[in-house]
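Accompanying notes for the structure given below.
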Amino acid sequence: MTDSVVSSFWGPVTSTVELCEENYAHSSYIAEFYNTISNVPCILLALIGLINALRQRFEKRFSVLHISNMILAIGSMIFHGTLQHVLQQSDETPMVWEMLLYIYVLYSPDWHYRSTMPTFLFLYGAAFAVVHSLVRFRIGFKVHYIILCLLCIPRMYKYYIQTKERAAKRLAKLYVATILLGTLCWLFDRIFCKKLSHWYINPQGHAWWHVLMGFNSYFANTFLMFCRAQQLGWQPQVVHLFGFFPYVKIQKPKKQE
């Protein structure tokens, strides 16, 4: 087997996005090693959240939300492991679907026409998937994703100011802190890529973005679970596993159990 084949098991890079990590530096089967394995914490955190949601019988929307986090992380692993354009959709399309799901979870409690919101969001997500598979978005995808994220901020802030529990507010603050720090890592990796490539050790800013966004999703989900349980009168508490890892514990009225 020639060196060119060994160094690029999946063939030439065809993705429209290539991050600041040397391709096939650690394995002939993984294009971007650190950007691939850095998705593992997100999968584990989403699994923990899913188990908690199922064990305490939260609404199904939260189970779906945790599963979507896992799907996104797996899709990201597939993309960064291959850097193929056809598999780029396994990363970017679930990003949009996940944000649409967050919009539903955030706004649906006060939406009077309950069937219209999930129908519209489903059709929007399906249409985006079709268009995105045919058109190579670059800046347009990033702008679209940022707009979806910004739509979530007013509602998250409303929940924050309505919540009196300090532990729940701390979750919201951790959510903000991780997304800000993760964004700085992402920008650092993108802006200073040429300089970083000459460093003896690459700090792998995009890999840290994956790790921080895994925690960001977990903190967001846990905070939303607390707020929803509060709306339903389930007496939620933020408790800590092993004294530091937060999750929501509820106590439903007997007639709801």
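Along the chain as shown, the residues are counted starting at 1.
For all residues, glycine too, the Cβ spot is worked out from N, Cα and C.
Per TrEMBL, these features apply:
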- E21, N23, E32: Ca(2+) binding site (BINDING)
- 33-51: transmembrane segment (TRANSMEM)
- 63-83: transmembrane segment (TRANSMEM)
- H80, H206, H210: Zn(2+) binding site (BINDING)
- 120-137: transmembrane segment (TRANSMEM)
- 172-192: transmembrane segment (TRANSMEM)
- 207-227: transmembrane segment (TRANSMEM)
Intrachain neighbours beyond the transmembrane segment (120-137), with Cβ under 8 angstroms and 6 or more residues off its ends: 16, 85, 89, 92-93, 96-97, 100-101, 103-104, 144
Env. residues of Ca(2+) site, Cβ within 8 Å of mean position of E21, N23, E32 Cβ: E18, L19, E22, Y24, A25, A31, F33, Y34, N35, H80, L83
Alpha-carbon spacing, H80 (Zn(2+) binding site) to N23 (Ca(2+) binding site), which is rounded to whole Å: 10
Residue numbers, six or more beyond the limits of the transmembrane segment (207-227), whose CB comes under 8 Å of its CB atoms: 21, 34-35, 37-39, 41-43, 45-46, 48-49, 52-53, 58, 62, 65-66, 69, 73, 76, 102, 105-106, 156, 159, 162-163, 165, 168, 171-172, 174-175, 178-179, 181-183, 185-186, 189, 236, 238, 246-248
Local Cβ density at H80 (Zn(2+) binding site) - other Cβ atoms counted within 10 Å: 29
Greatest C-beta neighbour count within 10 angstroms, which of the binding-site residues E21, E32: E32
